[in-house]
Each structure stands twice: as structure tokens, then as C-alpha cells.
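**Q** Encoded as C-alpha cells, here's the structure I'll be asking about.
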């Protein structure tokens, strides 16, 4: 249940922040948070990261539904007693669902977190994207420790 609450928290935070951006900012408007480093920039993306597969909504619908079903299956089947695995899956579920809601409702994803590292403008992203990335990193860490435990046995 905890893992689904994590996913729900991510979905609510993601959708609330996207609603604030859409409601209070013009497309392309940028607000500095830390000048030359972090901005809130109103952006839309019809594809994946870096605009890959722009406009291929049916592809994203099918893949995302399959991923969500897979994550729910793994939570139900394997997450009991595996806190790190469950948290990682909850984060990925929330992230996948957050961006799916955008694609289904708007046919695009609202992005707004704009990071500049030296002179490189990292692709603008959102809370769902961040949640997916952190979830994948935690899953990788879980897999490293889990495979180490299996080798010891």
C-alpha cells in the first residue's frame, strides 16, 4: 500500500505543478530560480526526452500502459518485504502515470524544470520525469545489492 501512496503523491505533485505552469505562465516564459542555473520555463513536449518520437501518441499510450501494468505486477508479486524495490517501483509508477495523464488529456507533456550546467541547457523536464529517473536509479541500486546477496548464498 505504501508504494501506491508514493505513486499517488508523485501524481498529485506532478499534476499540480503542471497545472500551475499552464495556468500562470505563457508558453516559453521563463522565471529564474537560481540565475544561470535553474529556471521554471513553460514548455510542451509531444515526444520523449529531447523530443524523440514527437507526435507518436499511440506509441506512448501503448508503451506506458504496458509499463504501468508491469510495475503494478512487480509491486504485487515482488515488493513485499523489499522496501527499496517497492519505493523504486512506486516512484516509477507515479512518474509513468503523471506523464500518461498529460498525453491522454493534452496530447503533449508539460515540462518546466530547466537546468543549465555551464553552457549546456539540459532538456526541460517535470516532476514525473524526475520520479522516473530516481526510481530507475533506486531499482538499479536494489538490483546491485540483491545480486550481491544471491552470490553470498
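The backbone N, Cα and C atoms fix where each Cβ goes, glycine too.
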**Q** Could you check which of 81-101, 102-122 is flagged in Swiss-Prot as transmembrane segment?
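**A** The range carrying the transmembrane segment annotation in Swiss-Prot is 81-101.
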**Q** C-alpha of residue 129 (active site) to C-alpha of residue 111 (active site): distance in Å?
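**A** So the alpha carbons of residue 129 (active site) and residue 111 (active site) sit roughly 9 Å from each other.
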**Q** State the residues, same chain only, that lie 6 or more residues beyond the ends of the transmembrane segment (81-101) and have a CB under 8 A from a CB inside it; answer 'none' if no residue qualifies.
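**A** Same-chain residues near the transmembrane segment (81-101) but 6 or more away: 2-11, 14-15, 60-61, 64-65, 67-68, 71-72, 74-75, 109, 126-139, 141-142, 145-146.
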**Q** Tell me the Cβ neighbour count for residue 129 (active site), meaning other Cβ atoms within 10 Å of its Cβ, over all protein chains shown.
**A** 21
**Q** State the count of C-beta atoms found within 10 angstroms of the C-beta of residue 111 (active site), not counting that atom itself.
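**A** Counting Cβ neighbours of residue 111 (active site) within 10 Å gives 23.
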